[in-house]
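Accompanying notes for the structure given below.
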Amino acid sequence: MITAEKKKKNKFLPNFDKQSIYSLRFDEMQNWLVEQGQQKFRAKQIFEWLYQKRVDSIDEMTNLSKDLRQLLKDNFTVTTLTTVVKQESKDGTIKFLYELQDGYTIETVLMRHDYGNSVCVTTQVGCRIGCTFCASTLGGLKRNLEAGEIVSQVLTVQKALDATEERVSQIVIMGIGEPFENYDEMMDFLRIVNDDNSLNIGARHITVSTSGIIPRIYDFADEDIQINFAVSLHAAKDEVRSRLMPINRAYNVEKLIEAIQYYQEKTNRRVTFEYGLFGGVNDQLEHARELAHLIKGLNCHVNLIPVNHVPERNYVKTAKNDIFKFEKELKRLGINATIRREQGSDIDAACGQLRAKERQVETR
C-alpha cells in the first residue's frame, strides 16, 4: 500500500488520485477494512474476486454490499493494462507492450518451458542504470511502478492463459528497470503474489535480479523471504564491467562480492550470476578463468546468456563455438554453469527493445 511516507521516500512513484487495489497486501487490506469500520473477513472475499475469479471491476464483487463496493471504488482502482503490441515467437514466447493509465508503456514477457509458464515483469518505466548493452536505458528513467502495476502484469498474462486452462507458475523480475531502485514496491509485489490468498506462487518459483545495488543487497539478505536471487555480473574485472555497466563505478566487483557473501551467510541460499557474452569483450577463455577465480568458493551457478542483438548498441553475439568453450572452461575449473536457452530470437526479445521501437514510431 502506498502511504505518504512511501511517496516521500520514493520520489519516482506516480501521483495518482487513487492507488491500485492490487498494491495492497492481504494484511494491509484487512487493516484498511477495520479502519473503515468493516469486517476483517471481507479481505478474503475481495482477494478471491481479484485473484481467483480475476474480475475487472469492483462492481463485479457481488457478495459485497453496495456500500462497501462504493467505499472501495472511492479509494482504489482496479488497474488494467492496455495491450499496445503483442509479438509471438515461433518458440511460444510472447512479448507484450502494455500502456499504463498515464500513457507510459512497459514490457512483459511470457516464456513457455517444459516445467511451466514463466512471466518476466518490469518494475520501472525506463531505467537509469545505463548498461551499455541494454535497450531499457534508452530514454532514461521516467518513473517507478506501483506494486499493483507489477502485479497487474502477472494477472493480465494469467487472464490470457485462462482460456487454455494454463497458469503462471514462475516469475522472474528481469524486465525493464532495476528492481532494487524500486525496492519497497518490489517487496510488496513479492509478498502479494506469494500469498496463498492471492496468486500463491511459491517463493522458490520467483527470481529477483539486480545489477548490483549493494545497499539493497544487504537489505534483501535481511528479509524473511525465500526468493531466488540473481546478479547481473557480465565481467570479473572492474575495467570490463564498468564499460558494460557504469553502475560498477559506484559499486565495484570487490564490494559486490562482499555483499553476496553477506547474503549467503544470512540466507544459506545459492546465487545465480548472469553473464551475458559479448563478442570480443568478455567471451574469451581468459575471461572464464577470471570469473572462476572471482566466484570460487561461493554457492553459485553461472547462467551464460547469448545476448540478443540491439540495433542501437554496437555489441555483437559471441560465436556458438566460443560459448561452448566458455562453459566447458568454467566447468573444468569447478564452476556450475549452463547456457541459457535462447527464446524469442525472432521477435523484439531483448529487454526494452519493443518499447524502444514503439517510442521511435511515436516520435517520427
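Backbone N, Cα and C define each Cβ position, glycine as well.
What Swiss-Prot annotates here:
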type	residues	note
ACT_SITE	E107	active site, proton acceptor
ACT_SITE	C351	active site, S-methylcysteine intermediate
BINDING	C127, C131, C134	[4Fe-4S] cluster binding site
BINDING	G177, E178, S209, S232, L233, H234, N308	S-adenosyl-L-methionine binding site
DISULFID	C120-C351	disulfide bond
DOMAIN	113-346	domain 'Radical SAM core'
- Query: How far is it from E178 (S-adenosyl-L-methionine binding site) to C120 (disulfide bond), counting Cα to Cα, in Å?
  - Reply: 13
- Message: Distance check, please: Cα of C134 ([4Fe-4S] cluster binding site) against Cα of H234 (S-adenosyl-L-methionine binding site), rounded to an integer number of angstrom.
- Response: 12
- For C127 ([4Fe-4S] cluster binding site), which of these binding-site residues sit within 10 Å, Cα to Cα: G177, S209, S232? G177
- Query: Among the recorded positions E107, S209, S232, N308, whose Cα is within 10 A of the Cα of C120 (disulfide bond)?
  - Reply: E107
- CA pair N308 (S-adenosyl-L-methionine binding site) / the residue listed as 'active site, proton acceptor', Å rounded to integer, equals 16
- Would you say which of the binding-site residues S209, S232, N308 has the most Cβ atoms within 10 Å of its own Cβ? S232
- Message: Taking only the residues in the domain 'Radical SAM core' (113-346), give me the average pLDDT of this model.
- Response: 95
- Extent of the S-adenosyl-L-methionine binding site in Å [max Cα distance among G177, E178, S209, S232, L233, H234, N308]: 19
- Query: What Cα-Cα separation, expressed in whole Å, is found between H234 (S-adenosyl-L-methionine binding site) and C131 ([4Fe-4S] cluster binding site)?
  - Reply: 11
- Whole-number Å distance separating the Cα atoms of C131 ([4Fe-4S] cluster binding site) and S232 (S-adenosyl-L-methionine binding site) is 10
- Message: Distance check, please: Cα of S232 (S-adenosyl-L-methionine binding site) against Cα of E107 (active site, proton acceptor), rounded to an integer number of angstrom.
- Response: 19
- Quick one: Cα separation, E107 (active site, proton acceptor) versus G177 (S-adenosyl-L-methionine binding site), in Å? 10
- Starting from the Cβ of G177 (S-adenosyl-L-methionine binding site), draw a 10 Å sphere and report how many other Cβ atoms land inside it. 31
- Give me the non-local Cβ neighbours of L233 (S-adenosyl-L-methionine binding site): same chain, 6+ apart in sequence, Cβ-Cβ under 8 Å, ordered along the sequence. G212, R241, L256, F273, E274, Y275, L291
- Per DSSP, to which secondary structure element type does C131 ([4Fe-4S] cluster binding site) belong, with helix, strand and coil as the options? coil
